[in-house]
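Visitor: Below are the features I grabbed from TrEMBL:
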type	residues	note
TRANSMEM	14-36	transmembrane segment
TRANSMEM	86-106	transmembrane segment
TRANSMEM	118-138	transmembrane segment
TRANSMEM	144-166	transmembrane segment
TRANSMEM	173-190	transmembrane segment
TRANSMEM	202-233	transmembrane segment
TRANSMEM	245-263	transmembrane segment
TRANSMEM	403-422	transmembrane segment
TRANSMEM	434-454	transmembrane segment
TRANSMEM	466-487	transmembrane segment
Amino acid sequence: MKENRWSLRENSSLCRYIPIISILGAFIAALFILFYPPMPGIADQGDFQRVMKVTGLTDAKGQDSAHWFKYVVTEYKMLPTSSSRLLGIIPTTSMIYPITFGKLLCKIIGYNYFNTRILAFIYLILYMTGLYICFSCIHFKNIAAAVFFSILSIIILVDGNYIVWFNSLYGESMMIVGFILFISSIIYFLKHREDRSYKKFIFIFISSILFLGAKAQCFVELPLVVFIMLRIVKIDRKQIFNKTNIFLVITTLTIVFYVKGIYCKIDNSCGVDTKFNSVFYGILKNSQSPKKDLVMLGLSPDLSVEAGKHAYLPKSAYVKYIPWSDITNKEFNQKISNIKLAKFYILHPDRLLKGMEYTASKSFHTETSLGKYERSKVSKYNPEFNRFTFWSNFRNLKLPKTLSFIVVFYTLVFLVSFIEYIKNKKNEKITLQIEILWMIMFVGIVQFPMPYIGNGEADTAKQLFLFNYTFDITFLVGCTWIFDKLVATYYKYKRFYFELLS
């Protein structure tokens, strides 16, 4: 009797078609989400200007801020792209690369304006590429687990509340596209580590740039990327000072320069707003003694008059310290720093815990109240969106939005994966895949506290976008592991039953 008719060894010809069929299903679902009329997107809430300014876009003639929050705008006037920014000499958001390619396509097609639907299609191709590589390169013990993983991946990772962001100028779309490409580049490297060509290293380098440069919140993942580069040197060891390792060192230094450059620029612009929010709309918002907290931060107690306010209110809403004003710059901006914020929470773990409980209450929420359609396509403002959103609706309505649930979930996944790692320590394929899972979990764990510490209670759900995405991948892997164990147990007892009969 054959050991398992569902094993990949028994169905090697069939397993080659699983990634192809899976990616076709994912692509069809994504096309329906993005391009079935009326074509959806995400309305601007005032964030697009930062991206447009550095990528060579501006508002089309006749546009004003009246569409903000409520209606999608798909057309923008094209300006020349700075070659210095494109080459990374002036570090710029990684969105400049798909946007520049989109501008080129628009000109070839004959469009007079840049259309974000073209950008959405570029994102879609990149995203599907990353998913296909993952489907193709991940090692499964049996075909049933491979099929289960593929189907669940489509339901979870091609959810409409992820894909709809592609038709916008928000960094969220570049962030998850860059992240899935980064994961796939590592998986591709592990499967082809005997291949001595440089293409796998170039793939890792490009995907790292796209991921880390997508949004400011990705910058904290730089140490992880550097660690992975060093881990690759260890895996690929033949000689320490061979050409490959020297190439990796150069690309790693380039990534560090790129990320540091973007961080410095953002810290001098929107970083001013986030620090204002982190203090006034975070630390001071629910404080029993705001003046005492300000003194501990090295700030004037007089700033307490603005406690509980964020940086985006009308000027008339502030008593004295208006964001970006000279007095606020002197008394607040020049004196506060991320180090002081971190130190405050280290010295007040109870305040940090309360902040994390608030953050947990905003987790698992990838939908948004921003408008989803163009003004000409709908009769009124419509934030509702329900195309292929089965998973995000379930996650938002059914999963506990509590800190205890998140801690227990990640603890269980880590403990089980660690046991599997020890049991399979001689099987490099399995141990390396578990290390990738730990990397994904680490990204999510780092992302979780960032919104509250770095931006107070402002826009928390939106800033948990990457955390939610990494949680979904971890959940996907966990479900696949359970399914694989159930299949293995079923065939184990089935074989035992037949042996008894014989």
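Including glycine, each Cβ sits where the backbone N, Cα and C put it.
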Visitor: Using a Cβ-Cβ cut-off of under 8 Å, list the residues of the same chain that are 6+ residues beyond the ends of the transmembrane segment (466-487) and lie near it.
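Guide: 6, 140-142, 144-145, 148-149, 152-153, 156-157, 159, 162, 175-176, 179, 183, 217-218, 363-366, 391, 395, 406, 409-410, 413, 416, 420, 437, 440-441, 443-444, 447-448.
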Visitor: Which of 144-166, 202-233, 245-263 has the most Cβ pairs closer than 8 Å to the transmembrane segment (118-138)?
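Guide: Of the candidates 144-166, 202-233, 245-263, 144-166 scores highest.
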Visitor: Grab the same-chain neighbours of the transmembrane segment (86-106) for me: Cβ-Cβ under 8 Å, and only residues 6 or more beyond its ends, written as numbers and ranges.
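Guide: Contacts of the transmembrane segment (86-106) (Cβ under 8 Å, skipping residues fewer than 6 from its ends): 51, 54-57, 78, 113-115, 118-119, 122-123, 126, 169, 171, 174, 178, 209-215, 254, 257-262, 265.
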Visitor: Which one, 14-36, 173-190, 245-263, 403-422, 434-454, has the most C-beta pairs under 8 Å toward the transmembrane segment (144-166)?
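Guide: Between the stretches 14-36, 173-190, 245-263, 403-422, 434-454, 14-36 has the largest tally.
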Visitor: Sequence-remote contacts (6 or more beyond its ends) of the transmembrane segment (202-233), Cβ cut-off under 8 Å?
Guide: 88, 91-95, 97, 171-172, 174-175, 177-179, 181-182, 184-186, 188-189, 240, 245, 248, 251-252, 254-256, 258-259, 262-263, 266, 270-271, 274, 435, 439, 442-443, 446-447, 450-451, 454, 463, 466
Visitor: Restricting to the same chain and to residues at least six past its boundaries, which positions have a Cβ under 8 Å from a Cβ of the transmembrane segment (173-190)?
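Guide: The answer is 93-95, 98, 120, 123, 126-127, 129-131, 133-134, 137-138, 157, 162, 165-166, 200-201, 203-204, 206-215, 217-218, 225, 228, 232, 235, 429, 432-433, 436, 439-440, 443, 465-466, 469-470, 473.
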Visitor: Can you work out which residues elsewhere in the same chain, 6+ from the ends of the transmembrane segment (14-36), have a Cβ less than 8 Å from its Cβ atoms?
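Guide: Answer is 8, 117, 120-121, 124, 127-128, 131-132, 135-136, 143, 146-147, 150-151, 153-154, 157-158, 160, 163-164, 166-167, 387-388.
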Visitor: Report, as numbers and ranges, which residues of the same chain sit near the transmembrane segment (403-422): CB under 8 Å and 6 or more residues beyond its ends.
Guide: 353, 356-357, 359-360, 363, 430-431, 434, 437-438, 441, 444-445, 448, 471, 474, 477-478, 481
